[in-house]
Amino acid sequence: MRQAVNPWMFHTMLACLILSLVAVILRSVGRWKRRSFQLDDFMMLLFVPCATFALLSISEGLGVRDYRLKPDQIITATMYFSFFDLLYVLTLGVLKYSLCLTLLRFATAKTMRQTIYIMIIFNTLMTVACIVGIMALCRPYRTNWRHFYDFPGYPKKGSCSSGVVIKSLAYSLTAIIFTSDVICVILPATIFWKTRMQRKKKIMAWMLLSLGLLASVATLGRLPFLSYWSAEHDRPGGLGIVTLCCSIEIALGIFAGCAPAIRPLVIALFVGIRSQTCSGELELESTSESIPAARPTRARDPYPLTSFTFNTIDLKTIHSPRGDVVDITSSYGMA
């Protein structure tokens, strides 16, 4: 029986999808509570269809060697990957845009804000250019999942660019993404270096906004497999690794974009739980203090009347149940 699914790759992408969805939900809740919900929060949800097509491609055999797959599985898996490729570029552009907006909220200097605006324009232009380039590689677009295979039941229709052009576009896209990641790390450091904050808080804020640097590791990790874009043998296996690296990159980018919005929500939740715990402990202590201590018990004397004595010097008066004072040293009190 032929193996059609790479299980560890599928489970890794599923974990990326679930964790990213949780991060986006927490970000939306935090922004909604502060009444700062904006367009980039809605656009964060674009990763859902992107991750869905990635899971569909893996479930159809992407990431598996050719000899373990049937021709229809290879064609279907490559088709889902072609749709994932477009959504990946679009989702990555949205993540960069959201991160630039987050930096724009912190930047106050005119030069820094102008630099961020230039980054937004550059990121938008490169996203559009990459989408147009991917769409123009094969004409019509469905040729992407038929041109590189020679199967009897799937004739080649249309035309595609040469392998050199495809590889050049893939390497150029990777270089642009890596460069933008590095710039997004340098800008937060420049912004917080000039602010009047404690060094510990500066480092914490810089680390939150620079989580996107981890995404560049996944970007560089797919470099050895970019040649499979135009390969004729084991193309699904190589493209599966590329899809995995892209999914991890998007997940890390989502964490970088959501971390500044999630942090106040997590702190407020932690403070609320801690205050409830402290109030419960104080209430328990006040309750225990209000309960009178039990009187110590003593053994009963079998002959109480014969052994009853008192010291008239130390004990002068006692209070009766009615509240009046009776002198126990008088003859009236002894009666």
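Glycine is treated like the rest: Cβ placed from N, Cα and C.
Automated prediction, rather than curation, is the source of TrEMBL annotations.
Taken verbatim from TrEMBL:
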DOMAIN    26-266  domain 'Rhodopsin'
TRANSMEM  12-30  transmembrane segment
TRANSMEM  42-59  transmembrane segment
TRANSMEM  79-104  transmembrane segment
TRANSMEM  116-137  transmembrane segment
TRANSMEM  169-193  transmembrane segment
TRANSMEM  205-225  transmembrane segment
TRANSMEM  237-259  transmembrane segment
The average per-residue pLDDT within the domain 'Rhodopsin' (26-266) comes out at 83
Lying 6 or more residues past either end of the transmembrane segment (116-137) yet within Cβ distance under 8 Å of it, the residues of that chain are 85-86, 89-90, 92-93, 96-97, 100-101, 103-104, 107, 144, 160-161, 165-166, 169, 173, 176, 180, 183-184, 187
